[in-house]
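This report concerns only the one structure given below.
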Amino acid sequence: MAEVLVLVDHVDGQVKKVTLELLTAARRIGEPAAVVVGEPTDELKAKLGEYGAEKIYTAPAELDDYVVAPKAELLAKLANDKSAAAVLVSATPENKEIAGRTAVKLGSGVLTDVVDINSELVAEHSIFGGSIITHAKVTKGVPVVAVRPNAIPAEPSAGAAAVEAVEIELSDAAKAARITDRVKQEKGARPELTEAAIVVSGGRGVGEDFSVVENLADALGAAVGASRAAVDAGWYPHAFQVGQTGKTVSPNLYIALGISGAIQHRAGMQTSKTIVAVNKDPEAPILEISDFAVIGDLHKVAPQLTEEINKRK
Ligand SMILES: Cc1cc2nc3c(=O)[nH]c(=O)nc-3n(C[C@H](O)[C@H](O)[C@H](O)COP(=O)(O)OP(=O)(O)OC[C@H]3O[C@@H](n4cnc5c(N)ncnc54)[C@H](O)[C@@H]3O)c2cc1C
């Protein structure tokens with residue numbers, strides 16, 4: 001069975017959930033082979049094996065000293081050397097650039113923002129804010145596919161996780177842009193928005209003070225999200241915007257406080273397993289996709305909910 005290369009997203013020795021989703025998708029196509037830049041920890045290797053990686057290719061950490069080009073050279077080299085069936089990456093802005101460059105090197109095609117892929121390498125896209133589903137397939141060369149986080153549920157299935165070090169001579173062009181400094185983003189105690197099991201989001205109905213959203217999120221151990229209206233008003237940072245031009249989330253529980261449910265917002269959260277809306281307008285479009293709704297003032301409802309949850313802890 002041909003190998004399917006999966007570029008591993010990892011931070012502080014921990015694999016990101018999206019990589020486990022990609023390994024799950026890769027198993028449908030062929031033999032999953034994880035590609036790690038830098039020395040993987042034992043924990044990382046074990047996790048990759050747990051989700052089906054038959055091979056783990058490790059490349060020198062030096063590749064991370066540069067912007068995207070070396071990773072594209074690495075993936076293209078491995079795809080050629082191993083006659084891979086496909087290359088899968090997560091659809092982050094950086095990885096989409098890597099995907100494009102890899103496809104150029106392979107003389108193949110790239111598909112980005114894919115939400116599903118089958119054994120025949122037919123990829124699914126959700127477009128126009130989720131109102132239309134399209135299918136596409138790369139018709140030439142080794143397909144390079146960037147899959148959205150939270151689109152494919154990760155399912156464990158043991159793989160051999162045999163580690164093989166890859167030697168690579170980077171071209172001068174790949175080393176043209178070097179990273180000179182890295183500043184670690186301050187991380188609060190809340191979970192990462194795209195990985196959280198529960199997301200509490202606030203919209204224009206919340207107003208300037210987002211503490212009502214944060215308090216409920218903290219009571220539930222949830223991440224905080226925001227609509228574009230709230231972000232554009234400067235009430236919450238852009239990094240927390242959910243929607244077509246923000247993050248895509250697919251938590252078990254999504255609570256929308258004072259969000260009308262515009263199609264561009266829905267595009268980023270409609271695959272959530274359970275959706276709860278608090279809105280004072282019984283006609284708000286968010287109610288069409290909500291499993292539960294409270295029609296009322298969120299400034300009254302959310303604090304009561306927070307208090308009740310805290311009481312029951
Ligand atoms: C190209 C493009 C891309 C976009 N991308 C995104 C995107 O990524 N994400 C996104 O969110 N939007 C996006 N938008 C904007 C989108 O169209 C909407 O304008 C936006 O989502 C509206 O945000 P909102 O629901 O917070 O505000 P509104 O639509 O103003 O809704 C506010 C809601 O709060 C309710 N409300 C008010 N006060 C209370 C209260 N006290 N208690 C309870 N409920 C209350 C109201 O009934 C209303 O339903 C995009 C638009 C375009 C054109």
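Just so it is clear, glycine is given a Cβ too, placed from its N, Cα and C backbone atoms.
TrEMBL annotations: computationally assigned, not manually curated.
Residues or ranges marked as domain 'Electron transfer flavoprotein alpha/beta-subunit N-terminal' in TrEMBL: 4-183. A mean pLDDT of 95 is what the model gives for the domain 'Electron transfer flavoprotein alpha/beta-subunit N-terminal' (4-183).
The FAD binding site annotation in TrEMBL covers Arg204, 227-228, 241-245, 258-265, Asn279. Counting only same-chain residues at least 6 apart in sequence, those with a Cβ under 8 Å from the Cβ of Arg204 (FAD binding site) are Ser227, Ala229, Ala230, Ala233, Gly258, Ile259, Ser260. DSSP assigns Arg204 (FAD binding site) to coil in the three-state reduction, outside any helix or strand.
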Densest Cβ neighbourhood among Ile259, Ala262 (binding-site residues), 10 Å radius: Ile259
Where Gln241 (FAD binding site) sits in the secondary structure, as DSSP reduces it to three classes: strand
Largest tally of Cβ atoms lying within 10 Å of a Cβ, found at which of the binding-site residues Gln241, Gln244: Gln241
